[in-house]
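S.K.: According to TrEMBL:
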| type | residues | note |
| --- | --- | --- |
| DOMAIN | 39-437 | domain 'Amino acid transporter transmembrane' |
| TRANSMEM | 71-96 | transmembrane segment |
| TRANSMEM | 160-178 | transmembrane segment |
| TRANSMEM | 185-209 | transmembrane segment |
| TRANSMEM | 269-289 | transmembrane segment |
| TRANSMEM | 309-332 | transmembrane segment |
| TRANSMEM | 353-373 | transmembrane segment |
| TRANSMEM | 379-401 | transmembrane segment |
| TRANSMEM | 421-442 | transmembrane segment |
Amino acid sequence: MVSQPSTPPHLTNVDRAEEEAEAAAAAAAGAAEVAEGGRGTWKHAAFHVATTIATPAAYAPLPFALASLGWPLGVSSLVSATLATWYSSLLIASLWRWNGKKQVTYRHLAQSIFGSWGYWSIAFFQQVASLGNNIAIQIAAGSSLKAIYKYYQKDGTLKLQHFIIFFGIFELLLSQLPNIHSLRWFNAICTFCTIGFAGTTIGVTIYNGKEIDRKTVSYSLQGSSSTKVFKAFNALGAIAFSFGDAMLPEIQHTVRQPARMNMYKGVSAAYTIILLSYWQLAFCGYWAFGSDVQPYILASLTNPDWTIIMANIFAVIQIAGCFQIYCRPTYAYFEDRMLHDKHTTHFPIGDRLVRLILTSVYMVVITLVAAAMPFFGDFVSICGAIGFTPLDFVFPAIAYLKAGRMPKDPKLRLLVRIFNLAIATWFSVVAILGCIGAVRFITEDIKTYEFFHDM
């Protein structure tokens, strides 16, 4: 279990004097700091981080990823991704005010370290992660809502696309809330739904596994040699997606001072939840169904029906909050250029209308793509490979080195440099392989299914 350290591993340059200065600055700023929006506690940060990472759409594919990689490689990939993203999250949190200025968004943090090309690179990766993640969420939510509907209306005529549209309308309503902090109580509910989904799904998975004749369960890799390779590539992208969090600076901006220390606690608390859910569901799902496990684990469960419905309800509530956090970078980008009163929660009627139009266009695009190509596993992989891997693995390691916030001890400094470069190099390779696998399977699925296919 991940503990909640007072300081992250080896980040000795973020010393106590700096933290005390940050706290003193907060006390001096007083009401001005509250007006900036930094009012959340470390618990609120934990809710936001857990909502963005530990979602049913994220860890439901993990048993399938293990089945695609095989037990040794699958477990090692899962464990290494968990540790690497926790470490990377602490690195990003440590860069708050690294140059004496608040880094309120991921884009501006990149710009402060790498210049304009860093800004636009992160903006691109954030948009890929945001769009891909929310398309996958739309598909997952639609699938869960359809499962609930079919339980009560076995002969019902509504299709997956109808439920994707229903979910899109609900998200459009939530999108009218002004910022991430305004979602804090909804995200608290989402965090509890994460625990509820994990507990229910793990329990039902074990129950189903015991009901199956264990002699019929195969754990061997399926398909031809080329298929096995592409499935492994695809699985690496899915694992990267499962730990995706492209919103850490935006979340940290909502946290009160001392922002670094509160963010360290929030991240570590969130990863405690992740460990208690991700690993258990991944291992139990792979044990129960072996190579036949579905990309969305709930599709593999058969009974008891009422517990499966409960898991689907938890899933829909939780990913509703995750969707909101990931659409915020897109909203912020356009609002910065189009809204007149950017810093208040009570903006004029004209700005409200602009916001409604912007969010409506976004929701129509996301909903249309999700309904037309409801290939959940493929979008998970390509989003993880192209969007989340650069943001959550490669950029934090390089940015920390570039910012010069290194330990003073020469040996420790060398160790940190080697470790960060190793993370950046390996996960750059993972991004390329995951993208290859995802594109290949999307191409195959388009040949197999028609657009707007009822999955």
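Every residue gets a Cβ built from N, Cα and C, even glycine.
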S.K.: How about long-range neighbours of the transmembrane segment (185-209): same chain, 6 or more residues beyond its ends, C-beta under 8 Å?
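M.R.: Contacts with the transmembrane segment (185-209): 44, 46-48, 50-51, 54-56, 59-60, 174, 273, 276-277, 280-281, 284-285, 287-289, 297-298, 300-304, 307-308, 310-311, 314-315, 317-318, 320-322, 324-325.
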S.K.: Quickly jot the same-chain residues contacting the transmembrane segment (160-178) by Cβ under 8 Å, restricted to those at least six beyond its ends, or write none.
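M.R.: Residues 138-139, 141-143, 145-146, 149, 186, 316, 320, 323-324, 327, 331, 345, 347, 352, 355-356, 359-360, 362-364, 366-367, 370-371, 374, 452, 454-455 contact the transmembrane segment (160-178) from elsewhere in the chain.
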S.K.: Any chance you could find the range in 71-96, 309-332, 379-401, 421-442 with the most Cβ pairs under 8 Å to the transmembrane segment (269-289)?
M.R.: 71-96
S.K.: Which sequence-distant residues neighbour the transmembrane segment (421-442)? Criterion: at least 6 residues beyond either end, Cβ under 8 Å.
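M.R.: For the transmembrane segment (421-442), the nonlocal Cβ contacts are 84, 87-88, 230-238, 240, 373, 375, 377-378, 381-382, 384-386, 389-390, 393-394, 397-398, 401.
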